[in-house]
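Since the structure comes first, as structure tokens, the remarks are kept for the end.
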Amino acid sequence: MQRRKTDLLVIGAGSGGLSVAAGAAQMGVRVILLEPGEMGGDCLNHGCVPSKALIASAQRAFRMSHASAFGVASVEPQVDYAAVQDHVAESIARIAPMDSQERFEGFGVEVIREAGRFLSPTEVQAGAHVITARRIVIATGSRPRIPPIPGLSDVPYLTNETLWQLRERPRHLLVIGGGPIGLEMAQAHRRLGCDVTVIEAGRALSREDPEMAAVVLEELRTEGVALHEEHAVEKVTQTADSIEVTAGGLRHSGSHLLVAVGRAPVLDALGLGKGKVDTTAAGITVDEGLRTSNRRVYAIGDVAGGPQFTHVAGYHAGLVVRNALFGLPVKVKPQILPRATYTSPEIAQVGLTEAEARHQYGDKVEIVRLPYQHNDRAIAQRQSAGLLKVMVVKGRPVGASIVGQQAGELIGLWALALSARLKMSDIAGMVVPYPTIGELNKRLAGTYFSPRLFENETVKKVTRAVQRWLP
Ligand SMILES: Cc1cc2nc3c(=O)[nH]c(=O)nc-3n(C[C@H](O)[C@H](O)[C@H](O)COP(=O)(O)OP(=O)(O)OC[C@H]3O[C@@H](n4cnc5c(N)ncnc54)[C@H](O)[C@@H]3O)c2cc1C
Ligand SMILES: NC(=O)c1ccc[n+]([C@@H]2O[C@H](COP(=O)([O-])OP(=O)(O)OC[C@H]3O[C@@H](n4cnc5c(N)ncnc54)[C@H](O)[C@@H]3O)[C@@H](O)[C@H]2O)c1
């Protein structure tokens, strides 16, 4: 065994671990990074990047078959599924150098391609190395949760880890789970010409405001995705040429099955008991500053049991670097963390939903609504289905929900508004280029002020009085 000492040991080279390692090493700290698998973790290799690349192919296909309204003949797209997967692989390959071992070694990080396992509260074993570190960051992410459905283990099923190796287009894709993974992949495959059936035990997109989620679900159904909500899966069986899922008294037959029912934290084999790091089923237990029960050890990203997004792992990393390197007090602010699901239309959220805001603020909250149909660019592009809702308390937004074209882009402004505590007047006062979808944000703030200005007798009296004094 080779004994090693370092300032910072990072376990896992995914979105969270890489961000911590890069930040710390570039500040001159000695960093060792452990990764037994592919550099870049889930987001690059099995998550965000491949899913968004597949969605991009699907959007192309959809536009080809829906062009006639624009005066361009619609055509039935010829989908070469293997070539679609080549595009997915190429997207990963183009981004991979950013997360590569060589790039991180260039920052001064020592990368060891071994799994880490605690031997004691201060020592971690990785292959032939025993590493002692002043601070340790666990960033081991999550993996697909496989539910205990009778028969599931006896059939060949896909997860987000294996979907990208598929070369033949599924004739009929069955999807268990109507969350972000299930619905992004369901719509993309439908647009690529597959029959698709989604079986959801509860409500699809259940984290989202139901009014906003309904817009997405209606579009999916219009495009031909068979979506069964409140249908608990009873069993899965295989016949000679198909897989059958029995749910809610119905039998769904398909050629391929995708399981997308949530994530499980990667905790096993880490020896967390020896490290005196406490866990629950959701993940590693952390305080507001991401410290675990072992004060020298932090947990970030998916393994920390909170919202599971790449930008959240990156945000955690920034906080940990500040605290571990400079001793600065840090605190996770859940209310500033946005999320977006990249269906068409997209659905995005930051801060409180309408229901949460009403629950927290009662009648002090004002709900400001603006449908997309008033946006000139959305009309010109025939993408005017959508809605913005912003929850406002005493002139400041406390939450924003958006469903529609580019919702994931539009939510960024409200994420800034919440993190910088901007007022609605700040949003109303900004000037945005015409004609853009982004005008919706400013127009919504205008909608907040309209009744105050234009339906207010005092304002009208004062304005009339001022006219008499003006030269
Ligand atoms: C299909 C899909 C689509 C997604 N799309 C989006 C999206 O569009 N936007 C978004 O924000 N998020 C998206 N996500 C979520 C996002 O991928 C995760 O939130 C993010 O990857 C979490 O980063 P992480 O660093 O916590 O974990 P990971 O990226 O999973 O990295 C963990 C790393 O730790 C390594 N590891 C595990 N055990 C050990 C050990 N014992 N020792 C050393 N290393 C170990 C693993 O090999 C892995 O490389 C998506 C996820 C999926 C599955
Ligand atoms: N655009 C994005 O940012 C994006 C995209 C994909 C994934 N992600 C991340 O990955 C996480 C995991 O996504 P996910 O969709 O797998 O999980 P999820 O937990 O968000 O949704 C899973 C769905 O499966 C349902 N379900 C659970 N067990 C079931 C069963 N036995 N039968 C039928 N339905 C069942 C649940 O009710 C739920 O609606 C997300 O929460 C998100 O954090 C993000």
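Glycine residues also receive a Cβ, built from the backbone N, Cα and C atoms like all the rest.
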Among Glu200, Glu208, Glu244 - the residue TrEMBL places in the same NAD(+) site as Gly177, Gly178, Gly179, Pro180, Ile181, Gly182, Leu183, Glu184, Gly262: Glu200
Site of maximum Cβ density within 10 Å, from binding-site residues Glu200, Asp302: Asp302
Nearest-integer angstrom distance between the alpha carbons (Cα) of Ser142 (FAD binding site) and Cys43 (disulfide bond): 11
Pairwise Cα distance maximum in Å, NAD(+)-binding residues per record: Gly177, Gly178, Gly179, Pro180, Ile181, Gly182, Leu183, Glu184, Glu200, Gly262: 14
Filtered binding-site residues, from Ser142, Gly177, Gly179, Ile181, whose Cβ is under 6 Å from an atom of ligand 2: Gly177, Gly179, Ile181
Nearest of the recorded positions (Cys48, Thr140, Gly141, Asp302) to Leu183 (NAD(+) binding site) - Cα to Cα: Cys48
Binding-site residues near ligand 1 among Gly177, Gly179, Leu183, Glu200 (Cβ under 6 Å): none
Fewest-neighbour residue among recorded positions, criterion Cβ within 10 Å, set Cys48, Ile181, Leu183: Cys48
Cβ neighbour count (within 10 Å, all chains shown) around Gly116 (FAD binding site): 27
